[in-house]
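J.: Just dropping this structure here.
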Amino acid sequence: MAEQIKPKNNATLTDWIAVAAGAAGALMATLDVSITNSALPQIQGAVGATGTEGTWITTGYMMSEIVMIPLVAWLTKWLGLRNLLVMNATLFIVFSFLCGFSSSLPFLIAARVGQGFCGGAMIPTAQSIVRTRLPLHQLPVGMTAFGLTVIMGPLLGPVVGGWLTENANWSWCFFINGPICLVMLVMLLCGLPAEKIKSHEFVKADWLGIAGLALGLSTLIAILEEGQRENWFESTMICRLSVISVTGLLMIIMSQIHVEKPVLNLRLFRNKSFSSVIIIIFVTGIVLYGIAYLVPQFLSHIAGYNAEQSGGVLLLAGIPALLLMYILPRLVTKVDIRLIVIPGLVLFAISCFMDTSLSIQSSGDSFVISQLVRGTAQMLCMMPLNQAAMAAVTKEESGDAAGLYNMARNLGGAIGLALIGTFLDRREAFHNTVLRESVHASSPVAQSKFEALAGSSVGGNSR
């Protein structure tokens, strides 16, 4: 990355400004993953999207973010850290306003894809700024700040989105990024040194790996998202996308063999500690982003909550984060990280199991305990895992490691959302079939409805 850790006792004010700028960018990038969740019914109505099509509003963002994250280490070497972040923050504003002015689903998805590319650069760079600008004894504080932004982003997203939708308009879910980006730009210009663009890094790029990454991962997500609606491999489109996806993944493998410095440094997986962290964060991403999508949908469509009320329920998971943020930085330096992460994973499973008893009579109050348990689980998992990933590699490998770590989390989330969409489509088709078979003109249910309608009609005529 741009700088190595300096041999000094404490970080300077400039260093902390750089860390704050990185944290602000990471918060905004993770916030925008879920900011549309509680406002989805309004957005879907405005752009003419069905419930399952609406998952693309989140998936499109995450898909491009996943592709961008591994490219950050190379882009930083080529453009310089400050140049890269300033450019991305500026473009993030542009794409955010395009999202807000969207009037059709394809245009909104395209703008969200552009937004995701810009947001994808902000997450690993924030992690690398902490790793390279802070001395070792202040690293837990910086990593805690970064971990907190990654945790609070998906939690605050539905809250902020819900409040803006109810009190202003759904477009403000995107317009709100403008002032945040402007503040971030000022901090970046003050906290990071100017750097020259290194043209030779562009020429030396792993273009085979970059092309494979873009083709392989994006088409994989598209297959998972659209497979059920297109009857999987009965569809010519799905078959073609599968060929493209496999080709892209093979290109990534070839780049590992033939390129000295591949854009996706899979050689880090030889490190068993790092590999273990990546597997855990991948699974955690499935749960984290899946729940952040499902709970607002339940509250909106089943419990009848508005966007602001749905966001308030999700915010409950942030309470444990605020309580534990002061304890965990000290705890991870004194306790084996496994003793923190394992209870966190168990609590994650318990919180999901608690929500399996929900019914049409359930309301937001039914989520209180499960959300508090889930918030505790997130803190016990995410922050120690983040620190474990960075501690498992050298400073020179921190950029590549940050890219793989964040890509694994978001890839898990994107796959989780796609699988949830597939499951919902299947269950909807199943229940429609059951209703058609069981409810007909001669069925007891239909007869009772006819009698009720006839009675109300007679009653109305008599009056």
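Note that Cβ sites are derived from N, Cα and C of the backbone, with glycine treated the same way.
Pulled from TrEMBL, these are the listed features:
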- 18-463: domain 'Major facilitator superfamily (MFS) profile' (DOMAIN)
- 12-35: transmembrane segment (TRANSMEM)
- 55-76: transmembrane segment (TRANSMEM)
- 83-103: transmembrane segment (TRANSMEM)
- 142-163: transmembrane segment (TRANSMEM)
- 169-193: transmembrane segment (TRANSMEM)
- 205-223: transmembrane segment (TRANSMEM)
- 235-253: transmembrane segment (TRANSMEM)
- 274-295: transmembrane segment (TRANSMEM)
- 310-328: transmembrane segment (TRANSMEM)
- 340-360: transmembrane segment (TRANSMEM)
J.: Rank 205-223, 235-253, 274-295, 340-360 by Cβ pairs under 8 Å to the transmembrane segment (55-76) and hand me the top one.
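T.: Out of the listed stretches, 205-223 contacts the transmembrane segment (55-76) most.
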J.: Three or more CB pairs closer than 8 Å, sequence separation of 6 or more: does that hold for the transmembrane segment (169-193) against the transmembrane segment (340-360)?
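T.: The answer is no, given that the two segments have fewer than 3 Cβ pairs within the 8 Å cut-off.
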J.: For the transmembrane segment (205-223) and the transmembrane segment (235-253), decide whether they are in contact, meaning at least 3 CB pairs lie under 8 A, counting pairs 6 or more apart in sequence.
T.: yes
J.: Give me the stretch from 83-103, 235-253, 274-295 with the greatest number of Cβ pairs under 8 Å to the transmembrane segment (142-163).
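T.: That would be 274-295.
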J.: Along the domain 'Major facilitator superfamily (MFS) profile' (18-463), what average pLDDT does this model show?
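T.: A mean pLDDT of 81 is what the predicted model shows over the domain 'Major facilitator superfamily (MFS) profile' (18-463).
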